[in-house]
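Quick notes on the structure that follows.
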Amino acid sequence: MGEQDPSDRLRGDQLKEPNQNGKGSFSQFSSSVRAMVRIRMKYQAIKKRRMEIASATPQIFTSPRSTSPKVFTFDNLHEPVNSNPASPRKRKKKRKGRVLYPTSSLRAVPTKESSRAKNCLYLLCIIVFLQVYNAIENLDDHVLKYDLEGLEKTLKREVFGQQEVAEGLLGHLQDYLSTYVHNKPLVLSFHGPTGVGKSHVGRLLAQHFRSVVGEELVMQYFVLHHCPTDDDIPVCTKSLESHISEMVSQGEEEEKIPVFIFDEVEHMPRQLMDTLRELIQPQNSNKYLNAIYILISNLGHEDITKFVLHNSSIAISGRLSLTQELTPWLRNYLQEHHGLFLDAEYLPFMLLEKSHVMDCFIDEMSREGFYPDRSHVERLAEELSYYIVGEREFSHTGCRQVVAKVNLL
């Protein structure tokens, strides 16, 4: 059965009432009619509003309005409840996974921006590499002007039996001449018996450095010649100090390293050694630190001779380097002699064998224009005296008498 309209039910009730009573008045009838009309108009307005709401809302979201009281159940708990049934429910837009590009620009995948710190790090590495490379180039340029390769060839050609000394000398010069600014001067101390080549190496060094830095920056000081007597010591001291100061100042101006060669140091007066010691102190002003001092003497030559003769059989087997073994003892001995040797690098010269003396004869005879006949050279070498240790022969005086023997030819 369908639901009966309330206005029809009310009208039926009103029509039945006059029939039952039969005696209702006209005024009562008219008031009832007016009430019925008002109810009907109100009902029609409510119905029209419901139809308008139903037509505006999509069919999927609409549900028939029930006049029965609403009872809460858990059946439709998952469905969203619209708090305002009068307002239309808006559709949620789904987010698209793809990237939307503007139509006015080229389509390109966005790139991740790289860190700028890496670029700065690369730039810093390049700068450091260039600085180091430039420093190495400058070191090479500074060494090249001293022509140490030419000095090495000269030592190999004219110095016999002192290979370790030549290698040590070139190593010290290479390290020191690589830079111009130093915190201390280079002090080299030559020691050994008579005739082993100490003064000869000093002359070769003087000739070489005169050719590369100039005559004014090389000084050869022979103690017995420049300061022969004790009365000359005060004058010699002032003259030496003044001369060294002038040469160092000139070296500073020309950015060159002066060379001072002192021969016969064993005869140098103590006052002169004290003055020289003050000039080469590492804590001295920078003016005196960029210089090379070479000290030549035969201090401790007797002990050096005994050491070489005692260890010659061991050294020939290659198990011992006489220079390395002799240096610690020589350092202690010379430091007790005077403080001038405290900061020195020691280069001990060994005894010369008979074969080395023969090389000296051949070289000297070639210089004097004689043909170096082998038998003649051996006969001249036999005239000298030697220390005999096993099968080895060491000359008492080295090559000192070679020049005199050749001059007698």
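In case you wondered, yes, glycine gets a Cβ from its N, Cα and C as well.
Database features, via Swiss-Prot:
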- 1-16: compositional bias 'Basic and acidic residues' (COMPBIAS)
- 1-28: region 'Disordered' (REGION)
- 17-28: compositional bias 'Polar residues' (COMPBIAS)
- 75-99: region 'Disordered' (REGION)
- 88-98: compositional bias 'Basic residues' (COMPBIAS)
- 120-136: transmembrane segment (TRANSMEM)
- GLY192, PRO193, THR194, GLY195, VAL196, GLY197, LYS198, SER199: ATP binding site (BINDING)
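Annotated features, which come from Swiss-Prot, shown on the structure.
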residue : record           : contacts (Cβ under 8 Å, 6+ apart)
GLY192  : ATP binding site : LYS198, ASN298, HIS301, ILE304, PRO348, PHE349, MET350
PRO193  : ATP binding site : ASN298, HIS301, ILE304, THR305, PHE349, LEU351, GLY398
THR194  : ATP binding site : ASN298, HIS301, THR397, GLY398, ARG400
GLY195  : ATP binding site : LEU352, SER395, THR397, GLY398, CYS399, ARG400, GLN401
VAL196  : ATP binding site : GLY161, GLN162, PHE349, MET350, LEU351, LEU352, GLY398, CYS399
GLY197  : ATP binding site : VAL159, PHE160, GLY161, GLN162, VAL165, PHE349, LEU352, GLY398, CYS399
SER199  : ATP binding site : ASP263, ILE296
>> I'd like the Cβ neighbour count for LYS198 (ATP binding site), meaning other Cβ atoms within 10 Å of its Cβ, all protein chains included.
In response: 24
> Applying the rule Cβ within 8 Å of the centroid of the Cβ atoms of GLY192, PRO193, THR194, GLY195, VAL196, GLY197, LYS198, SER199, what extra residues of the same chain belong around the ATP site?
Replying inline: HIS200, ASN298, PHE349, GLY398, ARG400
> Quick one: what's DSSP say for THR194 (ATP binding site), helix, strand or coil?
Replying inline: coil
> For SER199 (ATP binding site), what is the secondary structure by DSSP, using just helix, strand and coil?
Replying inline: helix
